[in-house]
Amino acid sequence: MDTVSLSPAHDAVVRLLQISDSHLYAEEDGRLLGVRTADSFNAVIKAIVDQKLSFDLVLATGDLSQDYSTGSYQRFAQAVRPLAKPLFWLPGNHDDGPLMRNVMPEVGISNARQILLPHWQIIMLDTQVYGVPHGWIKPDQLSFLEQCLVSQPDRFTLICLHHHCHPVGCGWLDQHDLKNANHLLDLLARHPKTRLVLGGHVHQEYDQVHNGIRFLTSPSTCIQFMPGCNDFTLDDAGPGWRYLQLYADGHVATQVWRLPTGSFLPEAFATGY
Ligand SMILES: [Fe+2]
């Protein structure tokens, strides 16, 4: 089932949690630049639970895995169980999208791509090109999106995808953006109820408005990339997550939370990942 309808706890606001780029491995000891990604992910989940924030659903915006394995998705499902809310996902460049569509329902996670809420809809898009870091949005995804937008003219829309549509200011990352972002942006320009585009991939915060649409990215739950660097540079900032509130009038409030600076530091002097 591609579409689900959810009733949030309060009709006037939907509260979302975004977790992104967990880069998990089948092996518990799997490390990305020295960081045990299962440990950093579990620490983020624990911090969210301890925070006692109320939220209605969770969005996982790609790179759930680092090794394309069934075991990494099983590990993800097990780790998010304490959140105890519906979770929706999309694939990133380090994922195996077709494998995820088979595995996720088996571990209790929905494959839904359109989430209907009282005043909003959320669309989960696939921009993955298998085995390469950049993104491309294919015609079937664009027609699915257009169908969602046309069929729900009264709902505000939040679009989730892995890759970034606009440069974030890191030259090495901006070459791995959504290569045909103009195809998406042209479509969105014809549907003014789109309020928000939410992504992962860049392992840092970004918050800018382009042509009336707010574009947000979020920290990873493992390693962080330093904003504003032309060459690959890691950041000491802690793993993080984003909280969003979508209001009935189309207004959005959001905040990023992080574990303390210096938590789960990757290897110094890494030149890539
Ligand atoms: Fe990533």
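Cβ atoms are placed via backbone N, Cα and C, with glycine included.
These numbers come from a predicted model, not from an experiment.
According to TrEMBL, the feature Fe cation 1 binding site maps to Asp21, His23, Asp63, His203. The AMP binding site annotation in TrEMBL covers His23, Asp63, Asn93, His94, His203. Positions annotated as Fe cation 2 binding site by TrEMBL: Asp63, Asn93, His162, His201. What TrEMBL lists as domain 'Calcineurin-like phosphoesterase' is 15-204.
TrEMBL feature annotations superimposed on the structure.
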residue: Asp21; record: Fe cation 1 binding site; Cβ contacts under 8 Å, 6 or more apart: Thr61, Gly62, Asp63, Gly92, Gly200, His201, His203, Ser220, Thr221, Cys222
residue: His23; record: Fe cation 1 binding site; Cβ contacts under 8 Å, 6 or more apart: Leu32, Thr37, Asp63, Leu64, Ser65, Gln66, His94, Ser220, Cys222, Ile223
residue: Asn93; record: AMP binding site; Cβ contacts under 8 Å, 6 or more apart: Gly62, Asp63, Gln128, Val129, Val132, Pro133, His134, Gly135, His162, His163, His176, His201
- Query: Should we count any of the binding-site residues Asp21, Asp63, Asn93 as near ligand 1, judged by a CB under 6 A from one of its atoms, and which?
  - Reply: Asp21, Asp63
- Item | Average pLDDT across the domain 'Calcineurin-like phosphoesterase' (15-204), rounded to a whole number | 97
- Task: Run through the Cβ atoms and count how many others sit within 10 Å of the one on His94 (AMP binding site).
- Result: 24
- Task: Determine which residues of the same chain, besides Asp63, Asn93, His162, His201, have their CB within 8 A of the center of the CB atoms at the recorded Fe cation 2 site, and list them by sequence.
- Result: Asp21, Thr61, Gly62, Pro91, Gly92, His94, Asp95, Gln128, Pro133, Gly135, His163, Gly200
- Note on the structure: In all the protein chains shown, the tally of other Cβ atoms within 10 Å of the Cβ of His201 (Fe cation 2 binding site) is 30
- Item | Other same-chain residues whose Cβ falls within 8 Å of the Cβ centroid of His23, Asp63, Asn93, His94, His203, the recorded AMP site, in sequence order | Asp21, Gly62, Gln66, Gly92, Asp95, Gly200, His201, Ser220
- Item | CB contacts for Asp63 (Fe cation 1 binding site) [other CB atoms within 10 A, all chains] | 24
